[in-house]
């Protein structure tokens, strides 16, 4: 049997982390078994579904490289198929037309609730033989079995059973002729030959209804697995107040897709005590029986730690391709300065996100208007004039410009003046970067370049001279 899974989001918003994890688990299960992964857009909610949301879902899937083998299929383009199946069910007697008014159904609901009963349709039209005009408004309901129970072996939670007496005669076609969500899902899974349905636990109550419809259609019933929800680190359901919840927001905030995927796969699944997984390892090791039944807590600090790991572990050239987008957001012209791959090597240890890296690198490419106020007050004082003049001259004398020679020039200045490296290094750092913090000074000066470094040292000396004149 060929394994076939699907990810079926509703395009009413962005791709959130819960949906992304579900997509990842479905994708991994298919890849682990050499199967196929289908993308289906469940856009039957015409009022809330938007083209922008569809694009956002696609963007998120593509950014995470969760490529699909079939699709995307759109439910709104399959209405003829759904209605043909409903008409067939009406002929076979597994569905019936219901003419009950909204007022009657509301009164029935209130009566049942007053008695402490679970609100459900009473089956009046199921057993009615009244004649109705062809154009009289009606819905179509599924004739759910009235006896027995539905049992399915959830691959994460174990056997789950529902009594058919608890289940309603589900509406499968509305008065406007449009099919309903639960019915469309069933026909899609049948037509697309889905073997395994991996989805959120909020769909557990839909499962017995869908199984009964599949059986009425004499269609194969897929295997089901329901993934637990994701909570914030405070134990409450994940929401915007816990931080970013959109996949593309994490891209915007400077996370690598590898970091988010690694974090999401471990958010409810484990393989021993291993924390870091390549995509190939995820595919190799992923099984549904290793997915936890318990809710997972989203920990942004852990994600940040993983992101920092991947910034330094992945090839700098690859990280640079993702950094480029953030550089563009900051409007930094990188034509005159180090290659982005070299920048990744320079700033990787200091920066935990690519956004932070982009915001920290401007001085490598563009001159700054002024020195940081605290840094200049502390380090660009008259006592720094001589160290800056000496180190400037030594840097200017270097014929070959590797970082090692820059280091020798700084060390030689400290030795000549008989001062500690900090007495030379800190004024030099502020002079060439405009700030009090940077990567190692020798590689920083090397990356900025000889000409630009000397120009900035002269600018710092002019600032010190002006400061002396004001005293």
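Each residue, glycine too, has its Cβ placed from N, Cα and C.
Taken straight from Swiss-Prot:
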BINDING   98, 100, 125, 127  Zn(2+) binding site
BINDING   240  ATP binding site
MOTIF     9-19  motif ''HIGH' region'
MOTIF     237-241  motif ''KMSKS' region'
Cβ-centroid neighbourhood (8 Å) of the Zn(2+) site, 98, 100, 125, 127 excluded: 96, 97, 99, 121, 123, 124, 126, 128, 141
Secondary structure content of the motif ''HIGH' region' (9-19), with strand meaning DSSP E or B: 3 helix, 1 strand, 7 coil
Overall pLDDT for the motif ''KMSKS' region' (237-241), taken as the rounded mean: 75
Surrounding CB atoms that lie within 10 Å of the CB of residue 125 (Zn(2+) binding site), all protein chains: 18
Three-state secondary structure, which DSSP defines for residue 127 (Zn(2+) binding site): coil
Under 8 Å by Cβ from residue 127 (Zn(2+) binding site), counting only residues of that chain that are 6 or more apart: none
Residue, out of the binding-site residues 98, 100, whose Cβ gathers the largest set of other Cβ atoms within 10 Å: 98
DSSP three-state assignment for residue 98 (Zn(2+) binding site): strand
